[in-house]
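Chemist: Mind looking over this structure? Questions follow.
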Amino acid sequence: MRISQVLIFLSGFGFGLQSITSYLCLKEHFPENFSTFTSVTTLFHFVGMAILPSVLNWFKSEYGLKSALILLGGVMWNLVPCGAGTIPPKRTKDRAITEEEEEEMEVQGNELHDRLDDGKTEHFIKNWIPLLLPWYHHVNFRYMHIFSITGIYIYTSWIIFLVSLGTSLGLPTEQAVFLSSVGGIGGFSGKLLGAALFYLDKVNAEVCCLPFLLTSASMMATIFMKHYSMIATFTLISGFSQGLATTLLYGLIPHIVCSHHFPSAVSLVLVSEGVTIQLSGLFSGFLHDALGSTVYVFAFNAVLCAVIFPFMVPWSCNDQTVKKCKGT
């Protein structure tokens, strides 16, 4: 295996760890407003999507590809002082207990849970597949997780083949490359709206369904367009709907998962997101090679969004009350 492949793997591993710790840090510092602050921080995902193609192209023309990647790696070092400078949140007085009391409560709780869990399915999951505990305890999280994976698959496929779609529809490469910027602007706008909705406390499971329907319609419309202005318009709408969808689903986690299982739920979502990103490129590439055009990749994604929407509607009608697990 080449050393470059090892380094790429390590960089991906680092991105994954950074994502998990970021979500857990937000939950620790802003437990009551986690959804709002998550929406604000993820705004910059689409900012990067909008500007990265142009910035990387400029770096390549000025310094070459190798130096461009070194510069981008240097930018990532800003995460180190940011993490080191993070101040732990203060404990409130009403939660303060002595170390002896905490240890005694923990021992008693462990003994009780061991007796209750013995011989049950939960005991196996808890000891061997702890990441699946949110699936076991919170039914609504199962469906939300499936919808989230579907959304990540569609988003990854969309961003990978967006420029290729433009050239397949007859646009010159110089114009097609700006579709990524248009999509990034749309995604930023969608995440901005999501943050506002969480701030105003207007988010529920029903609202999470609508962006998938909009994504399906905009993607299907895009493949029939021939003029750059129309392709860019529907790309903007598609980016907006996907930015809104990812924000709403991620922000919904603390509303459908108890605080005890929240770290496992976030880890499970992010791990599956990483796997989905890998498989999305492979499967979409297979479709592209088998069918001979990027148009069919986007058509498949549009149909997938339309198919999953009817399954989201009954989920949104379920009781979204969080089950109190009490540390099990």
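Every residue, even glycine, has its Cβ placed from backbone N, Cα and C.
Keep in mind that what you see is a predicted model, and the values were worked out from it rather than measured.
Residues or ranges marked as transmembrane segment by TrEMBL: 6-25, 37-56, 68-87, 152-171, 177-200, 207-225, 231-253, 293-313.
Describe each of these features in terms of where it is and what it packs against.
Modeler: Residues 49, 177, 179-180, 183, 215, 219, 222-223, 225-226, 228, 231, 235, 238, 242, 246, 273, 276-277, 279-281, 283-284, 288, 293-295, 297-298, 301, 304-305 of the same chain, all 6+ positions outside the transmembrane segment (152-171), place their C-beta atoms under 8 angstroms from a C-beta of that stretch.
Sequence-distant contacts of the transmembrane segment (207-225), counting only residues of its own chain at least 6 positions beyond either end whose CB sits under 8 Å from a CB of the stretch, comprise 147, 151, 154, 158, 165, 169, 190, 197, 231, 234-235, 237-238, 240-242, 244-245, 248-249, 252, 295, 298-299, 301-303, 305-306, 308-309, 312-313, 316.
Cβ atoms under 8 Å from those of the transmembrane segment (293-313) belong to residues 143, 147, 150, 153-154, 157-158, 161, 164-165, 168-169, 208-209, 212-213, 215-217, 219-220, 222-223, 284, 287 of the same chain, restricted to positions at least 6 beyond its ends.
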